Structures are given as C-alpha cells and as structure tokens.
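Chemist: I am attaching a structure below and will ask some questions about it afterwards.
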Amino acid sequence: MEKYKKLIMNSVVFAIGNLGSKIISVVMVPLYTYFLTTNEYGQVDLVTTAISLLLPLVSLAIGQAVIRFAVSRSENDDRKEIFTNAIVIALVASLVIILLYPLLKYFHFFDGILIYFSLLLIFQLFGDILSQFTRGIGKVKEFAFNGILTTFVVAGLNLYFLIYLHLGIDGYLLSMIIAAIVSDIYLFMVIKGFSYFSFRSLNKDLLKLMLSYSIPLIPNSIMWWLINGSTRYFILLFAGASANGLFAVANKIPSVLSIATTIFFQAWQLSAFEEHESKDKGIFYTKVFKHYYIILFLFSSVLLIINKHLVTYTVSSDFKDSWKLVPFLLLAAIYKSFSSYLGTTYTASMETKGVFTTTIYGAIISVIANIVLIPLFGVYGAGIGTFLAFFFTWLLRLKDTKRLVGIQINYKELFVLNGIFIIQTVTMHYLDGIVLIAVEVACFVLMVFYLRNTIISFIRLVLRKG
C-alpha cells in the first residue's frame, strides 16, 4: 500500500505547485494584455513556443535521461556521473547557441529580441536538467516549490518592468530570464550541485547510454506538437478562420482536464521508474490505471454537465456552437492521457524507441483523418480526427505495455464508461434547460453507481493512515 500512498501524496504536492503557478499566471494575463500590444504578445508566444520545441533538440532531451537514471541509480558516485554528464551536454549546447548567434542575427531571426531568446533558451536548458535531477533524487517538495517561486518572480518583475519602467516586451522577456536564473540558482542550492559536479566524474560509457535513451525522445515531443498543432492548420485550410476560432474556444474546457493529467503524470513517472524492477509491477500498473481512467471519466462527465450552459453564458454569440465540439476534444484528452500513462512503460523499460514509433503512427493517423474528415464534417471532423489519433496511439502502446509490464485492462468497464459518455453527448443535442441538466446529472449518478466499489476502495486508500 505504501507505493500507492506515495503516488497520491506526490500528486498532491505537484498539484499544489502547479495550480499555484497556474492561478498566478491567469491573474497576470490582464496586465500583459494591457501593457503589451497584440504584436508584442504574439512575439512572446512565438518565443515560448520556439523554446519548448527547440529545448529537447539542443539538449538532446538529456533531462529525460537524468530523471530516469537518477531514480534507478541511488549511489552517490553514480549520480555524480549522471549530473556531470548532463551539465557537460548543457555547456556544449550553450556554446553552440552562442556560436550560432551571429548567423541567426544576420538572418533577422527574432529580430530585436534574439538576445533575450538565446539567453532564455540557455538558462532553461540548465533549468530542465536541474529540475529533473531534483525530482529524480526524491526532492519532490522542492521541485514543486520551484514552480511557484519562478512564477512569483516573473509576476513581481513584470509588475515593476511593465507598470513602472514601461519596458514592454523587453521587460517581459527580461523578467522571464531573471526568473530562470533564480530558478537555476535555487535548484542548484537545493541539490547541493557542487557536490555532484566534477569533470573527473565525466563517464563516456554512461553518457552514451544516457544519449541512447534520450535521443529517441527528441522527435516524440515534436510529434505530439504536430498532432495538436497541425490540426489548426488543416482547419484553416479546409474550414476557414472562424472554424479555427470555434476549435480554439472549445479546447478551453478539455484543457482543464489536460492540466490535471499533466500534474498526475509528474508523480506517476516517478512511481513507474521506482517500481519497474518490482515483481508485482503488472498489478501496480493495472490498479493505478483503473483508478486513473475512472477519475478521468467522472471528471469529464461533470464537465459535460456544465459544458453547454457554460459556453452559452460565457462566450459571445459567434462562438455559441463551440459546445458541440467539446465532447470530441474531451474524449481526445482522455485518450491522450491514457497514451501518456502507457508511454512510461517505454521510458521505465529503457525502450524509448517505442515512444517515437507509436507517436509517429498517431501523427500519421491525425493527418489522414484531418484531410478526410474536415472537408466532410467541417470543424467537427477535426475533433473526431484528434480523438482517433490519440485512441489508436493508446491501442498501439497498450499492446507493448502488456508485453513489458503485463498490464490488465477491464474492457467491459471501459466500454460502459465510453457508452455513458456518448449518451451524455447525444443528450446535449436534443435537450435543453432543466431537462438537459437532469438527464446529464442522472448519467453522472449512473456512472458513480456503476463504479461504486472502486470509488469506495479508493477513498479508503486515501484516508488510510500510515
């Protein structure tokens, strides 16, 4: 039972850290939109997007290897080698960025803000390694606090730079750079970085092993972006800008689910690595996944109850039909979460090539589905295509997961939950007002009743002491 309690407690810690930073970020949005022009805000978005895509590439995704190897190798000397190897990669990557700077400037890449982009990329490069190492050696609370600390620094500096100094986009990007530096210093102090870093600890054989683990993960992050991002371009091509607007608004509700699953995934990744060598890992994967999909479907059922009314009363009439898209995108978010859950079997088993190949197939399905379905069904075809991409990615990973860890799936239970979800979706199209709410709530109650035994056992586990 201890490993289940640890997973729950880690999830709570990560939730506090993530939600705190998310709330602060949301509160600050009006300030950013007031003091930054639409063009400046767009540039900031491009910078953050470019960094998120380039970070795995320039770092060779070494941060992912850091957490995996740090968890499995608890000896201090081993962790010295892991940390030193990763920092050396970061130093080389930083040198490459510096050497490329004149060339990028010549071609007007991020013209006027290239220096900010380069510095932010370098400091976030080190930050990724430090944060993953912090998590890998078990300093979960410190890792979570770092998220809140970074957000507070960004918010505080932006209040000063934007309101008092009127620095505009320069102030915003400068605040992000300083926050990244503060984060790096904090994490380095927390892990006592000097005790782990030494050029004498550089281990070329281990470095090759770490890179053979991390490099196959580089395309994976890009493929996930292609599945999500390319859909918008297909909508623009086949259905127009207004349809893309509907899709963007409809995505807001499923994004709530995605935030929650991202938080859980941080905790689950640690547990999957720690329990990989245990004899009962198949039982562990099975039980956790069962509770995971139950929580996701219950949460999604609640979102469906409020979906139509929330959209109707909170968005303008131009976006009123976006509620029709939400169920498809919710189901897509559920199966994306399932895919991410099963993806840990590859990383825990050191078979990271499987992550890439399954994601490639998902991306191909996404492209084909969008080309076929959007011309036929408009923006709703995009919702269906997104769901199909993640659903088939999950199926492919499920096959490998059964081989790697022996997970067991209750297909009957999943079928029933999907069925109730579909009933809620269909109901929204034919009913309205209090009658709709009554039927939707009845579906939720039916779902709870069907899952009552599992829900009760989960509550007992959470409340159990020791």
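Using the three backbone atoms N, Cα and C, a Cβ is placed for every residue, glycine included.
Worth saying up front: this structure is predicted, and the values here are computed from it rather than measured.
Sharing the record's features from TrEMBL:
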type	residues	note
TRANSMEM	12-35	transmembrane segment
TRANSMEM	47-70	transmembrane segment
TRANSMEM	82-101	transmembrane segment
TRANSMEM	113-131	transmembrane segment
TRANSMEM	143-165	transmembrane segment
TRANSMEM	171-194	transmembrane segment
TRANSMEM	206-227	transmembrane segment
TRANSMEM	233-250	transmembrane segment
TRANSMEM	323-342	transmembrane segment
TRANSMEM	379-397	transmembrane segment
TRANSMEM	409-427	transmembrane segment
TRANSMEM	433-451	transmembrane segment
Chemist: Give residue numbers and ranges for long-range contacts of the transmembrane segment (409-427): same chain, 6 or more residues beyond its ends, CB-CB under 8 A.
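Modeler: The answer is 286, 289-290, 293-294, 297, 300-301, 304-305, 327, 331, 398, 436, 439-440, 443, 446-447, 450-451.
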Chemist: Six or more residues out from either end of the transmembrane segment (171-194), which same-chain residues have a Cβ under 8 Å from its Cβ atoms?
Modeler: 32, 36, 40, 44, 47, 83, 113, 116-117, 119-120, 123-124, 126-127, 130-131, 133-134, 137, 139, 142, 146, 149-151, 153-154, 157-158, 161-162, 165
Chemist: Quick test of the contact rule: Cβ under 8 Å, at least six residues beyond the ends. What residues does that give for the transmembrane segment (113-131)?
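Modeler: Residues 43, 47, 50-51, 54-55, 58-59, 62-63, 66, 83, 86-87, 89-90, 93-94, 97-98, 101, 104-105, 143, 146, 169-170, 173-174, 176-177, 180-181, 183-184, 187-188, 191, 193.
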Chemist: Under a criterion of three or more Cβ pairs within a distance under 8 Å and sequence separation of at least 6, are the transmembrane segment (143-165) and the transmembrane segment (323-342) in contact?
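Modeler: Answer no, regions not in contact.
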Chemist: List, by number or range, the same-chain residues at least 6 past the transmembrane segment (379-397) whose CB is under 8 A from its CB atoms?
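Modeler: Same-chain residues near the transmembrane segment (379-397) but 6 or more away: 227-228, 231, 234-235, 239, 243-244, 246-247, 250, 324-325, 327-329, 331-332, 335-336, 338-339, 342-343, 345-346, 354, 358-359, 361-363, 365-366, 369-370, 372-373.
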Chemist: Taking 12-35, 82-101, 233-250, 323-342 as candidates, which has the most Cβ pairs under 8 Å with the transmembrane segment (47-70)?
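Modeler: Highest pair count goes to 82-101.
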Chemist: How about long-range neighbours of the transmembrane segment (82-101): same chain, 6 or more residues beyond its ends, C-beta under 8 Å?
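Modeler: Distal contacts: 58-60, 62-63, 65-66, 69-70, 73, 114, 118, 121-122, 125-126, 129, 133, 193, 196-199, 201-203, 206-207, 210.
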Chemist: Against which stretches of its own chain does the transmembrane segment (12-35) lie, if we need a Cβ under 8 Å and a gap of at least six residues from its ends?
Modeler: 41, 44, 140-141, 143-148, 150-152, 154-155, 158-159, 162-163, 166, 168, 172, 259, 262-264, 266-267
